[in-house]
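Asks: Before I ask anything, let me first share the structure, which is written out below as structure tokens.
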Amino acid sequence: MATLKDIGVSAGINILTAFIFFIIFAFLRLQPFNDRVYFSKWYLRGLRSSPASGGGFAGRFVNLELRSYLKFLHWMPEALKMPERELIDHAGLDSVVYLRIYWLGLKIFAPIAMLAWAVLVPVNWTNNELELAKHFKNVTSSDIDKLTISNIPEGSNRFWAHIIMAYAFTIWTCYMLMKEYETVANMRLQFLASEGRRPDQFTVLVRNVPPDPDETVSELVEHFFLVNHPDNYLTHQVVCNANKLADLVSKKTKLQNWLDYYQLKYTRNNSQIRPITKLGCLGLCGQKVDAIEHYIAEVDKTSKEIAEERENVVNDQKSVMPASFVSFKTRWAAAVCAQTTQTRNPTEWLTEWAAEPRDIYWPNLAIPYVSLTVRRLVMNVAFFFLTFFFIIPIAFVQSLATIEGIEKVAPFLKVIIEKDFIKSLIQGLLAGIALKLFLIFLPAILMTMSKFEGFTSVSFLERRSASRYYIFNLVNVFLGSVIAGAAFEQLNSFLNQSPNQIPKTIGMAIPMKATFFITYIMVDGWAGVAGEILMLKPLIIYHLKNAFLVKTEKDREEAMNPGSIGFNTGEPQIQLYFLLGLVYAPVTPMLLPFILVFFALAYVVYRHQIINVYNQEYESAAAFWPDVHGRVITALIISQLLLMGLLGTKHAASAAPFLIALPVITIGFHRFCKGRFEPAFVRYPLQEAMMKDTLERAREPNLNLKGYLQDAYIHPVFKGGDNDDDGDMIGKLENEVIIVPTKRQSRRNTPAPSRISGESSPSLAVINGKEV
């Protein structure tokens, strides 16, 4: 169990580590050869060019201006200068609202921390319960635990202070959540009203198109929307299964990179000896061949395969999926279609807003809609087992990441680890580092599971993965660490007391686990966030590409991939800190300052990254905010329930029942916010759509909208390549055509002429009129 000294050692090491990271970053960002890495967003926007530094040849690589090194922390105030409105124009609403999550954490926990330290810390400190428990009940504790609720004796009237503070914390948190929800909802509506024209504003994704023996999918979609949306339908683009073609294109890109590498190597060496490669595993074994000739042949072979596969996709109706992107003449019409049921059979002609083209995850559009339910059921079961079986290794690793655990596994290290500094280092750092390393591959696993489920947009994939990551953190990182840690640390006490005393021991031990979370926050939230700004992985990849693949300035531009925020990993991390802060605020207030440092540091670091580095892959107009709000509410309810359970073990029978109202109030508040603000995030108001359409018609009366939308939702592998014969894949309707193409013999429900029959079938009214 970490002591105050251990916490101090851990804090010193993590602060020093963060400071070193900032110094290294300050040096690297000033060097001209790193400029594209640390200011990549400005290069992508065409607003920055390679810095011209004096000093001749050396000045191209090293910044020789010594005065610039004296302002190594100047980037911090610079990151805070850009106004929010300008930042939205620069980086998008998603990035700005993501930053507001950190700001929300500061607004919630700063007043809570001051109130908790002013009221609860004196109440907890001025007792001697833990001293008595240490002597008479053999319960392990340290001086730092005297600041927790565990130091208050059972049945004490002092628990009223914690109950009153729980109400105060809940009211303040709910108030800030409501204000923030209202602000973000207004920002979203204003952003949607002011943003420029985008293809997704006019387009819906139609899925589960029913099969028809007489018409192709394209003809059927065209006919259905000409009949049911005759005044508003504009064009459509059927979805095809181009996954194999995309794999071939990706393979060709990799082969071309190797060819560029060997050609560049041969040219730069000025040697008559041509580069050699081996055909075996990873080029380490097998027959030796001329590398340049080999990769030229492989690229040519793959190009032929791509051409053949492209023809198959274009001409084979089996590659056409029962889905289509349908575009309308107005945003109003698209909103009506996306938000209504199209037929009396609710399982067919399913419509939803189309994601913007860059947000589409194209491989999943080829998944049959009928298989999605089974896929999601399988992944839910897999996630259940992943979550709950992960508790065992996490508990085991954490049990070893202690002095007692190491001495048990490796007794020969006892002499070393019993030294004061080494002991403090282990107690203050090892458990947090072990947990962080244990979770390093989890985001990739969860993202793979989300992709298997078949979601069609990158934004929704990230939100789904973030949701699962949050649940995993809740069950394993929080509950698993608390329960397993308490059980291991109090094992001796568990074995030497009657069973009815065990809940009391757990109730006393849970607040003590705050010391572990303090060390974890410093490792993950202090040093980890500071390390984010270094961007070591993108930096290394850029320089490797620059050294071995870059031949032109365009190659140099493509060599840098700045990445994006990473909502699927960043948001669950933030939510873990919300959970820890709300749970431990009335129990162990000492944890709150560490959380405040995280929120403040992360806000500055990520604001800098959003301004200078990250290039967001999509823009969802803050559609993720209901998830953020819901998870903070979940954390608030968990904190209330745990406090009720904790007071129950403390025999605070007269005070504990007064907490029952808190979850009820919180759930009622959540339902109010859900009804009041959530519609702005799941539906597009028809009034807003009509206003935007009216303004656009007034400003651009001659806009060729069909030309703008015609190719917006073509699969990326058909754009910019050779032999792009995708004419059969694009709707060729003209605005004036009102004829409905069909191969059917009868069309009694079609109010427009058929190309086959030459005239429309008589309506029921006409038939009745003739009979009369």
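Count begins at 1; order follows the chain as displayed.
Including glycine, each Cβ sits where the backbone N, Cα and C put it.
Note that the coordinates shown come from a computational prediction; the quantities given were computed from them, not determined experimentally.
According to Swiss-Prot:
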type: COMPBIAS; residues: 748-763; note: compositional bias 'Polar residues'
type: CARBOHYD; residues: Asn138; note: N-linked glycosylation site
type: REGION; residues: 339-344; note: region 'Cytoplasmic region required for homodimerization'
type: REGION; residues: 743-772; note: region 'Disordered'
type: TOPO_DOM; residues: 1-5; note: topological domain 'Extracellular'
type: TOPO_DOM; residues: 29-100; note: topological domain 'Cytoplasmic'
type: TOPO_DOM; residues: 123-159; note: topological domain 'Extracellular'
type: TOPO_DOM; residues: 181-372; note: topological domain 'Cytoplasmic'
type: TOPO_DOM; residues: 399-424; note: topological domain 'Extracellular'
type: TOPO_DOM; residues: 451-461; note: topological domain 'Cytoplasmic'
type: TOPO_DOM; residues: 486-509; note: topological domain 'Extracellular'
type: TOPO_DOM; residues: 539-566; note: topological domain 'Cytoplasmic'
type: TOPO_DOM; residues: 607-624; note: topological domain 'Cytoplasmic'
type: TOPO_DOM; residues: 648-653; note: topological domain 'Extracellular'
type: TOPO_DOM; residues: 675-772; note: topological domain 'Cytoplasmic'
type: TRANSMEM; residues: 6-28; note: transmembrane segment
type: TRANSMEM; residues: 101-122; note: transmembrane segment
type: TRANSMEM; residues: 160-180; note: transmembrane segment
type: TRANSMEM; residues: 373-398; note: transmembrane segment
type: TRANSMEM; residues: 425-450; note: transmembrane segment
type: TRANSMEM; residues: 462-485; note: transmembrane segment
type: TRANSMEM; residues: 510-538; note: transmembrane segment
type: TRANSMEM; residues: 567-587; note: transmembrane segment
type: TRANSMEM; residues: 589-606; note: transmembrane segment
type: TRANSMEM; residues: 625-647; note: transmembrane segment
type: TRANSMEM; residues: 654-674; note: transmembrane segment
Asks: May I ask you to check whether the transmembrane segment (567-587) and the transmembrane segment (101-122) make contact, with contact taken as at least three Cβ pairs under 8 Å and only pairs 6 or more apart in sequence counted?
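Replies: These two stretches do touch.
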Asks: So are the transmembrane segment (510-538) and the transmembrane segment (6-28) touching or not, going by 3+ C-beta pairs under 8 A with a sequence gap of 6 or more?
Replies: yes
Asks: Give residue numbers and ranges for long-range contacts of the topological domain 'Cytoplasmic' (451-461): same chain, 6 or more residues beyond its ends, CB-CB under 8 A.
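Replies: Tertiary neighbours of the topological domain 'Cytoplasmic' (451-461) are 205, 355, 359-361, 363-365, 367, 371-372, 375-376, 378-379, 567-568, 617-618, 620, 623-624.
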Asks: Does the transmembrane segment (425-450) reach the transmembrane segment (373-398) with at least 3 CB pairs under 8 A, where each pair is 6 or more residues apart?
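Replies: In this chain the transmembrane segment (425-450) contacts the transmembrane segment (373-398) - 3 or more Cβ pairs sit under 8 Å.
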Asks: Checking distant contacts: for the transmembrane segment (160-180), what same-chain residues at least six beyond its ends satisfy Cβ-Cβ under 8 A?
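Replies: Same-chain residues near the transmembrane segment (160-180) but 6 or more away: 100, 104, 107-108, 111-112, 115-116, 119-120, 123, 149, 582, 585-587, 629, 632-633, 636, 639-640, 643, 647, 655-656, 658-659, 662, 665-666, 669, 673.
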Asks: Take the C-beta pairs under 8 A between the transmembrane segment (654-674) and each of 6-28, 101-122, 373-398, 589-606, 625-647. Which stretch has the highest count?
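Replies: If we count Cβ pairs closer than 8 Å to the transmembrane segment (654-674), 625-647 scores highest.
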Asks: Using DSSP, what's the helix, strand and coil tally for the region 'Cytoplasmic region required for homodimerization' (339-344)?
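Replies: Across the region 'Cytoplasmic region required for homodimerization' (339-344), DSSP assigns the residues as follows: 0 helix, 0 strand, 6 coil.
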Asks: Looking only at the region 'Cytoplasmic region required for homodimerization' (339-344), report the model's average pLDDT.
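Replies: A mean pLDDT of 94 is what the model gives the region 'Cytoplasmic region required for homodimerization' (339-344).
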Asks: Tally of helix, strand and coil residues over the topological domain 'Cytoplasmic' (29-100) according to DSSP?
Replies: 45 helix, 0 strand, 27 coil
Asks: Give the nonlocal contacts of the topological domain 'Cytoplasmic' (539-566) in its own chain as ranges (CB under 8 Å, at least six residues past its ends).
Replies: 28, 33-34, 36-37, 40-41, 43-44, 94-95, 98, 257, 260-261, 264-265, 462, 606, 609-610, 613-617
